[in-house]
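Everything on this sheet refers to the single structure shown next.
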Amino acid sequence: MLEMALNHLVISLLEYTSTVYSMLMSLLLYLLFLLFLPLCIASQHWKALFDQRASCSCRQARKGEESSRNEAPARKQAETFDPDNTGYISTEKFRSLLQRHGSELDPHKLEVLLALADSNSEGRICYQDFVNLMSNKRSNSFRQAILQGNRRLCSKALLEETGLSLSQRLIRHVAYETLPREIDRKWYYDSYTCCPPPWFMITITIVEVAFFLYNGVVLDRFVLQVTHPLYLKNTLLYHPQLRAQAWRYLTYIFMHAGIEHLGLNVVLQLLVGVPLEMVHGAARISFVYVAGVVAGSLAVSVADMTAPVVGSSGGVYALVSAHLANIVMNWSGMKCQFKLLRMAVALICMSFEFGRAVWLRFHPSAYPPCPHPSFMAHLGGVMVGITLGVIILRNYEQRLQDQTLWWIFLSIYVIFVLFAIFWNIFAYSLLDLKLPPPP
């Protein structure tokens, strides 16, 4: 009797501790969000003021630009074609300038500048467009520059266009949900063809649901499948005793603790992942997702060495945290409706799911001595999202290899992966841990 009372007391204390811990983590996330949001808005305000002053006169902008060695002759000649300092060059003079100095320019830049001249229907080119392209100010948004030349005198926002079909309204909605700059939204709206469709996130979701239904039929359990004694015998989930089987660091995403775990992950994947894939493409979004998945399992193998891992929360949290961070960092430019309320709802859902994972981790296991799955994969996914994910989402239609932060964060990620590999090879034997028996 006394032993049962003590066990009940220990369970209650563990539940209370995990609940308090999840509440503290949620409060910390909200405090960081509330602190980060005003700073980002203020930085965007000062940036807007600076850009407004910098663009008030094309003549002032010309004085502030530093010419490179190869492009200086063309820029000097461009000023001679605008003696009245109007800020514009006729397309005829502009083409003669390119033909005269084309050999001094990068071939890719020459092609885009010619396309910009051909696409302009007003008979003139804005000098600032020329300077921006030549100085790498918009370092690889060349197609956007062509679009900007077409719409230079068109101040009508994409949101104001009427008579759109259902598919066009959907594309416009996705553009406003994910892109902070109007020129990017217009380019995406004009160029998106739904070919290929967002196949990656849809395929991953279908496979996850299929595996869950299969396991539910085999185990005859759909709620908290992880408590079934045969659950750990599956060859897909990560188990510390079977960490030498490398595929488990990735395939664990197809196993979920229960329908409550699968449901939230699927909803977030479809509501956030599909629009992001429609805008940024399957290659970039799949990279963020898979990087979050791998970082999640490796984080567990380093920080929670005795626990297994299940669920796609690492990849989901990478995408969602990258999207939320991108919204905050471009707060003034994002035009999605009710963005503050929706961010609060997303944070509440993420905190609820994370709290559930913490509670389950410290809840007494149904098959001791093996503990319940770890929650560290969530944190690994968040770290990938706010580093690599943010860089990818902030550079729509631009080459990532030209971004310094991309190489910095990618190097950090590679170093972490290499460290975790060596840790899994040597640390377990050196620390002499008592691991749970293999399933």
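Indices start at 1 and increase along the chain as displayed.
Placed from the backbone N, Cα and C atoms, the Cβ positions cover glycine too.
Keep in mind that TrEMBL annotations are predicted by a computer and have not been checked by a curator.
TrEMBL lists 69-104 with the feature domain 'EF-hand'.
Under the heading transmembrane segment, TrEMBL lists 20-42 (among others).
Residues or ranges marked as transmembrane segment by TrEMBL: 199-217 (among others). Under 8 Å from some Cβ of the transmembrane segment (199-217) lie the Cβ atoms of residues 225, 231, 234, 236, 253-256, 259, 262, 265-266, 269-270, 273-274, 277, 282, 285-286, 289, 312, 315, all in the same chain and six or more residues away from its ends.
The transmembrane segment feature in TrEMBL is assigned to 249-274 (among others).
Annotation comment: TrEMBL describes 286-303 (among others) as transmembrane segment.
Look at TrEMBL and you will find 309-328 (among others) tagged as transmembrane segment.
Feature annotation from TrEMBL assigns transmembrane segment to 340-362 (among others).
Sequence annotations record features per position, and here TrEMBL assigns transmembrane segment to 374-393 (among others).
The transmembrane segment feature in TrEMBL is assigned to 405-431 (among others).
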Average pLDDT across the domain 'EF-hand' (69-104), rounded to a whole number: 61
Near the transmembrane segment (309-328) in space but 6 or more residues beyond its ends, with Cβ under 8 Å, are 33, 36-37, 40, 178, 180, 204, 208, 226, 237-238, 252-257, 261-262, 265, 268-269, 272-273, 276, 285, 288-297, 300, 334, 336, 339, 343, 346-347, 350, 353, 357, 373-374, 377-378, 380-382, 384-386, 388-390, 392-394
Looking only at residues six or more beyond either end of the transmembrane segment (286-303), which have a C-beta under 8 A from one in the stretch? 200-201, 204, 238, 240, 243, 248-250, 252-253, 273, 277, 309, 312-319, 322, 374, 376-381, 383-385, 388-389, 392, 413, 416-417, 419-421, 423-424, 427
